[in-house]
Structures are given as structure tokens and as C-alpha cells.
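Data block below; observations after.
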Amino acid sequence: MEGERAPLLGSRRPAVSAASAVFAGRRAACGAVLLAELLERAAFYGVTANLVLFLNGAPFDWEGAQASQALLLFMGLTYLGSPFGGWLADARLGRARAILLSLALYLLGLLAFPLLAAPRSRSFLCGDPRPELVRNCSAPFPNGSASCPENAARRCAPATFAGLVLVGLGVATVKANITPFGADQVKDRGPEATRRFFNWFYWSINLGAILSLGGIAYIQQNVSFFTGYLIPTVCVAIAFLVFLCGQSVFITKPPDGSAFTDMFRILTYSCCSQRGGQRRSGEGLGVFQQSSKHSLFDSCKMSRGGPFTEDKVEDVKALVKIVPVFLALIPYWTVYFQMQTTYALQSLHLKIPEISSITTTHHTLPAAWLTMFDAVLILLLIPLKDKLVDPVLRRHGLLPSSLKRIAVGMFFVMCSAFAAGILESKRLDLVKEKTINQTIGGVVYHAADLPIWWQIPQYVLIGISEIFASIAGLEFAYSAAPKSMQSAIMGLFFFFSGIGSFVGSGLLALVSLKAIGWMSSHTDFGNINSCHLHYYFFLLAAIQGATLLLFLIVSVKYDRQRARTDGGPASTRT
């Protein structure tokens with residue numbers, strides 16, 4: 001391809017068996033991408049795994065809902081910024097340089113967290129805390145005024161959000177580009193190579209998550225947050241070096257213009273021309289007579305007097321068909337992002353066992369370790385799916401389309417939210433009978449006498465949902481997109497994922513209002529024992545259930561349209 005740079009090393013190899021030929025000559029490039037992604041994910045989960053605990057504890061003392069909202073907003077930013085990252089790569093820098101720049105920005109933002117964790121540097125960034133009088137929030141003032149503020153003060157909020165924004169922008173750009181960049185390394189080997197790359201790419205993501213949750217989260221909770229946040233910083237530094245050294249084996253191409261720019265120009269032109277045509281048509285009869293299935297965009301084509309080529313207009317039309325699928329995935333992501341926010345908050349109020357009593361310092365099981373059940377399940381099932389299940393289904397013509405797999409994932413994530421709601425209902429009943437005071441990360445939590453292991457089902461259900469919905473979503477976004485818009489489509493896929501995170505944060509803020517009161521506990525900031533978190537979980541399950549029904553309609557319609565366009569059975573498409 002013109003303008004595309006092939007690898008300097010390993011470009012010529014002798015003939016190999018069909019099973020290994022898909023990656024022959026590309027193993028070094030794919031390995032560098034997968035290793036960089038593994039390290040980046042280890043750093044990402046090192047930030048997010050215990051962020052709620054970090055902000056909820058001394059000396060920050062954020063309210064539990066505030067800490068959860070901060071994490072949801074951060075994760076939303078990492079996804080919402082993806083289209084910008086895709087535009088930056090396509091229009092200005094190219095994917096390889098955009099990834100390098102984003103890793104450097106990522107590293108800069110991560111430096112804020114060990115600085116916030118160290119007392120001396122924290123005082124420099126945030127100033128010394130102001131002493132405040134302790135008030136009895138349960139007793140009203142004699143004059144009838146409110147005795148407590150509606151929300152707890154958030155210490156170090158500017159420095160915290162500045163670090164989160166920098167990391168979020170870095171993550172967003174990496175996220176938008178490293179997936180299609182990795183697929184570019186094997187795209188000339190056919191769809192089978194692309195499918196297998198996505199499977200192992202997702203496997204690497206979850207291996208990084210396990211290493212982070214297993215080691216870094218333990219260090220943060222039981223040793224120190226300074227060391228626990230220093231390790232992710234080192235991981236990103238190594239990822240930067242790995243990607244920098246891999247330039248000699250990567251297949252790269254220079255920026256050739258952004259599909260987003262063309263997309264917005266075509267959308268703007270079509271809307272303006274349609275509005276002008278409606279004004280000229282008097283009562284609108286002419287527009288109705290001219291209308292056809294794609295008349296809105298066909299008017300942009302050069303053959304119809306417009307300024308755009310046929311290919312660009314057809315690419316935008318393909319994009320418009322894909323967007324409803326992304327919209328339908330928003331509730332899925334809303335539930336998915338509860339795993340490290342409200343699920344983690346629920347964990348802190350369940351009985352967490354001690355795992356070490358060798359020394360005088362007792363170590364407790366990191367609450368974030370439950371997230372590993374999700375990651376371990378994925379690590380075990382993806383190779384099984386890749387090597388055994390998918391080949392058998394393909395030989396018998398039973399491999400479901402990516403949209404059908406997404407629907408299955410939606411069902412399992414709905415079950416996860418429902419299971420969390422049932423557990424929270426039981427927890428609230430038990431905490432009224434017996435309360436256990438447990439210290440986690442220097443913070444005393446009033447927990448129910450109910451083991452944390454009861455959360456395993458909701459994490460396992462989310463893990464199963466990922467195998468279906470997340471992997472199939474990535475595959476759908478890449479394979480359904482026109483070649484000229486693959487980065488743009490991938491960016492939009494993550495953009496709508498970010499909207500799901502913001503929806504979760506917005507819902508959490510809404511139910512925290514005193515008028516609703518599901519998550520308001522103004523007599524004890526950070527304590528959810530006076531809240532109704534189970535209502536929130538049931539609400540999420542209901543929203544996902546309703547969306548699943550709508551998605552089934554959308555997916556069946558899309559598969560039928562794709563089958564008519566491609567001339568093949570719908571079950572074998574995307």
C-alpha cells in the first residue's frame with residue numbers, strides 16, 4: 001500500500017503450516033503491541049482498583065458516592081476522549097506516534113498519584129488541612145439550621161482531578177489507536193488472523209489486570225499507596241520504551257486525513273442541503289417525492305451535484321448504520337463500570353478476611369481482588385473459545401454473529417446487576433442485626449457479618465458478559481467499518497462506552513439527592529448502611545433488560561440488511 005511502511009525485520013519467512021502462518025513474520029510486532037497493552041492495562045487498573053478506597057480514606061475523606069463518581073467520570077473520560085485520539089492519529093501524527101505521545105502524557109499524569117500519597121508532596125500540592133469542629137450530625141441546631149453540609153469536603157480535589165484528566169487523555173488516545181494499530185500488523189493475513197489477534201489482545205488486557213489487581217492492589221491496601229502508585233508509573237515508562245523499540249518491526253502508515261473530518265463535513269452539507277430543499281419545495285411535497293432510503297446523503301455525491309466522492313459518502317452511510325448498535329450498548333457499559341465503583345463500595349461493607357498474621361501488622365484481603373474473578377475467568381475461557389469452541393461452531397456453520405454475542409453479553413450483565421441488588425438487600429438486613437468494624441487501608445468500615453465471597457457470582461457474570469459483549473463489540477467495530485474509517489469507528493465505540501460511564505455517574509448523583517435519598521447518608525459520610533444501594537442495582541438491571549429487548553430488534557434488522565448487502569447468511573456476518 002502506498003505510504004505504508006513495512007517492518008525492517010522479519011518481513012520474509014519460509015513457508016509454514018497454515019495454523020501458524022497467520023502470524024508468521026509478525027510475531028515480534030504483535031508481541032510488542034500486546035506487551036505494551038499488558039503494561040498499560042496493569043497501570044490503568046493500578047490507578048482504578050483502589051481509587052475509591054484511596055479517596056475515601058484519610059487524609060482525603062471523600063464521601064463514598066463522591067469517590068465512586070470521580071472514578072466513573074475518570075473512566076468516562078478515558079472513553080469519551082477516544083475519538084479525539086483517533087482524529088489525532090489519522091489527521092496529524094499517525095497511529096504509532098500518537099501512541100508514543102499518549103504514553104508520555106499518561107506517564108506525566110501518573111506522577112501525580114505517588115505525589116498525592118506522600119505526606120510532604122501532598123502538603124505542597126494541596127496545602128495543610130484546615131482544622132474543623134466536629135459536629136453531631138444527628139442533632140439539629142437550636143435555631144433549626146442544618147447541622148451538617150450536604151456533601152463532605154473533598155481535599156486535594158484540584159490536584160486529583162488534574163492527574164485523572166492527564167491520565168484519562170493518555171488512556172483515551174492509546175485506547176483509540178492501539179487496537180487498530182495491532183490489527184494493522186496482521187490485516188493482510190485475512191479475517192481469521194484479525195479474529196485471533198483480538199482474542200489474544202483481550203487476553204493480554206486481562207493478564208495485565210490480574211497482575212495489577214493481584215499485586216499492586218495488595219500493596220496499596222496493605223503496604224502503602226505511595227509504593228502502590230509508583231509501580232503503575234514504572235509500568236507506563238516500560239510500555240513507552242517497548243513501543244519505542246518496536247518501531248523497527250511495526251507496519252506503520254502516515255496520517256492520511258481524518259474520517260471524522262469528512263464525516264462532519266458530509267453530515268453538515270447533507271443537513272444544510274436538505275433544509276434548503278425543504279424551503280424550496282413549498283409545502284414539502286417535492287422533498288417527499290425526492291426522498292429515498294439514502295437521499296439525505298446521496299445529495300452529497302458528486303454524481304448528484306455534491307462536493308464529495310462516492311466512496312466517502314458510502315462510508316458515512318455505513319457509519320450511520322453502525323451507530324444504533326453503539327447506542328444500544330450504553331446501558332451495558334453503565335452496568336459494567338459498576339465493577340470498580342459501587343461493587344467495590346459494597347465490598348468494603350462486607351466481611352473481608354485477614355490473609356496474614358505472621359507479623360504484628362495484619363493484612364486483609366484486598367477488596368479489588370474480587371475483580372480478578374472476572375479477569376481470571378476471561379484468561380481461562382478465551383483460549384478455550386479460540387482453540388476449541390469457535391472452530392467447532394464454524395465447521396458446523398453455527399458460529400453466531402457478533403451482534404448475537406453482544407446480546408448474550410447484555411443478558412449476563414443484567415443478571416450481574418440483579419445479583420448485586422439481591423446481595424445488597426440481604427446485607428442491609430444483616431447489618432441491622434450485627435455490625436463488624438473492620439479497618440481497611442487505614443479506614444474503619446461498619447460492615448455486615450456476611451463474607452465478601454458472596455460477591456463472586458456478580459463478578460463471574462460480568463466476566464462471562466465480557467467474553468460475549470466486549471470482544472464481539474471490538475470485532476464488530478473493526479470489521480463492520482469501512483477501511484477508511486476503522487480508527488474513527490473504534491473511537492466511536494469507546495466514545496459510547498464512555499457515555500455509559502457518565503450515565504452511571506449521573507444516575508449515582510441523581511439517586512444521591514436528598515429528595516430521592518437512595519445514596520444519601522449525611523450523618524456518616526462514606527457509610528452506605530443507611531442508603532439503598534440495592535435500588536440502584538435493580539434500576540440498572542431494569543434499564544439493561546429493556547435495552548436488551550430493543551437491541552435484539554436492532555441486531556436482527558442489521559444482520560438481515562448485512563446479509564442482503566453481502567449476499568450471504570446473516571449468521572456468518574460481523
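Cβ atoms here come from the backbone N, Cα and C positions, even for glycine.
Features reported for this protein in Swiss-Prot:
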type	residues	note
TRANSMEM	42-62	transmembrane segment
TRANSMEM	69-89	transmembrane segment
TRANSMEM	98-118	transmembrane segment
TRANSMEM	161-181	transmembrane segment
TRANSMEM	197-217	transmembrane segment
TRANSMEM	225-245	transmembrane segment
MOD_RES	S281	phosphoserine
MOD_RES	S299	phosphoserine
TRANSMEM	319-339	transmembrane segment
TRANSMEM	364-384	transmembrane segment
TRANSMEM	406-426	transmembrane segment
TRANSMEM	460-480	transmembrane segment
TRANSMEM	491-511	transmembrane segment
TRANSMEM	536-556	transmembrane segment
Other CB atoms, at most 10 A from the CB of S299 (phosphoserine): 20
For the transmembrane segment (491-511): best-contacting stretch of 69-89, 319-339, 364-384, 406-426, by Cβ pairs under 8 Å: 69-89
Secondary-structure category, per DSSP, in which S299 (phosphoserine) falls: coil
Paired segments the transmembrane segment (406-426) and the transmembrane segment (319-339) in contact, 3+ CB pairs under 8 A: yes
Paired segments the transmembrane segment (161-181) and the transmembrane segment (319-339) in contact, 3+ CB pairs under 8 A: no
The transmembrane segment (98-118) in contact with the transmembrane segment (42-62), cutoff 8 A, at least 3 CB pairs, sep 6+: yes
Long-range neighbours of the transmembrane segment (460-480), counting only residues six or more past its ends (CB under 8 A): 179-180, 183, 191, 194-195, 198-199, 201-202, 318, 322, 325-326, 329, 332, 335-336, 339, 373-378, 381-382, 385, 402-403, 405-406, 408-413, 415-416, 419, 486, 489-490, 492-493, 562, 574
